[in-house]
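Participant: Take a look at this one; I'll ask things after.
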Amino acid sequence: QLQNKILILTICAAGIGGTFQYGYNISIINAPTSYIQMFMNETWLERTGLPLENNVILLLWSFTVSAFPLGGLTGALVAGPMAIMLGRKMSLLLNNAFVIIAAVLSGFSRMAKSFEMIMLSRFFTGVNAGVSMNIQPMYLAESAPKKLRGAVALTSASFTALGLVLGQVVGLRELLGGEESWPFLLASNVVPAMIQLTALPWFPESPRYLLIDCGDKESCVSALQKLRGNGDVSAELEEMLAEQAAVKGQRAKSPWGLFRNPAVRWQLMSVIVLSSAMQLCGNDSMYFYAAYVFQEAGIPQDKIPYVVIGTGSCELITSVTCNMIIDYAGRRPLLLGGYIFMAGWAVVFMVALSQQTQISWMPYLSMACIFAYILSFGIGPAGVTGVLPTEVFDQMSRPAAYMICGSLLWFNLFLVGTAFPFIVKSLAHFCYVPFLVVCICTALYVGLFLPETKGKSLLEISEEFKKRNFKAQTHVGFYKGPEEIKSTML
């Protein structure tokens, strides 16, 4: 069907230069670690005549790595104002400028004999990822029909996982992971940016943004018809007009405005808990352990990068699976199941690590745990978390909600990255206890407090949360007009 073609192509055009870049840029930095550290040392030696001490090299490397989440945090904070002022599509297009700057800096860093250019490049790459992680799910969920909203918004997670796997593949020694080619590896993120700059302008802006933010009904209808083909769009337009009536006279909210607004208390609490848990659940730390566990299982050192690609592929397979089932299974069961399974695997993993040297088959159990943990994360938390802010907030609150989520995501990524080596040092085999606690608490929160949003219009979801936020008050206080409008008030 033509309408599905346009929607699928819009998803691909947004994804390739969007969340794909987040996954890709996280994984391409791993392969050339030792070469970049050598480059830092050689550059310093040329400049001063003195080599760098090992701990100084390590410190410079940690600055290079942490420039990425710092850029991500900056990107998350500018994404909200960008989405409001420029629109969803234009923000994604302009966002490619950051990657192009980053690619030029890293690509010419060796020629310029400057490792500072690599640090700056990682910062700009982070800004790009921070913006796309917030705006892409917003753009896609606002462009999707109600019955496909979950699956379409969830493609953001699939593109992240695809970027992760492709980054691992391109980083192999046989491709761009060699000593001579690492500047090209770091600059290769310019390719997806160019693809998006060529493709995305051909597709429509978010219909919701055009109608509710810009008040342009004609452009909204035109965008809807492009995305839905020749199908009848009147029912969908009615729904949007009702939502427009509900937020009439309101201005786009700021993050601080959301914290002060009692009408969004439970929505805010839910996205804060889930966005924090996504990074604090220890999934990224599994990649930290992967090489060590595979080595213990007897896999030769030079074959480990190929097995690590398997871990990335796991996340890709599950996020695609989750895409197919989210609009049938619902959001709550996927989140709940994901965190419960992760808690179970965390216990088994800690037991396996503690018995690694005593029992011969334990390294294989540890290996199975790594794959199972990543699969459990991919099937629920990885994708559903990014969909929720679109579904539980109205048009005026959505950009600010994504700013809060994005900031938490990047801050916690930085926190876990910094703290995990110390957690391993102090807790040894029981390093997953903090992550286990996070998984159990999040599962309890989802089970007790999070309503299901599957198949409901954005106004029905708002109404459900309104009942929770104002349990003590009657609905009379909210009456602002005829019956059908009354149910849309926030």
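Using N, Cα and C of the backbone, Cβ positions are placed for all residues, glycine too.
Just so you know, TrEMBL annotations are computer predictions that nobody has curated.
Copied straight from TrEMBL:
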type     : residues : note
DOMAIN   : 11-454   : domain 'Major facilitator superfamily (MFS) profile'
TRANSMEM : 7-24     : transmembrane segment
TRANSMEM : 56-80    : transmembrane segment
TRANSMEM : 92-112   : transmembrane segment
TRANSMEM : 118-139  : transmembrane segment
TRANSMEM : 151-170  : transmembrane segment
TRANSMEM : 182-203  : transmembrane segment
TRANSMEM : 334-353  : transmembrane segment
TRANSMEM : 365-388  : transmembrane segment
TRANSMEM : 400-424  : transmembrane segment
TRANSMEM : 430-450  : transmembrane segment
Participant: Can you tell me which of 56-80, 92-112, 118-139, 151-170, 182-203 gets the most C-beta pairs within less than 8 Å of the transmembrane segment (7-24)?
Facilitator: 151-170
Participant: With Cβ distances under 8 Å as the criterion, find the stretch in 56-80, 151-170, 334-353, 430-450 that has the most pairs with the transmembrane segment (365-388).
Facilitator: 334-353
Participant: Mind checking which residues reach the transmembrane segment (92-112)? Cβ under 8 Å, same chain, six or more beyond either end.
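Facilitator: The answer is 14, 17-18, 21, 39, 75, 82, 86, 118, 120-125, 127-128, 131-132, 135-136, 139, 183-184, 186-190, 192-194, 196-197, 200-201.
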Participant: Should anything in the same chain at least six residues away from the transmembrane segment (151-170) have a Cβ under 8 Å from its Cβ atoms, list it; otherwise answer none.
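Facilitator: Long-range Cβ neighbours of the transmembrane segment (151-170): 7, 11, 15-16, 18-28, 30, 133, 136-137, 140-141, 143-144, 176-177, 185, 188, 192, 305, 308-309, 312-313, 315-316, 318-320, 322-324, 326-327, 378, 382-384, 386-387, 390.
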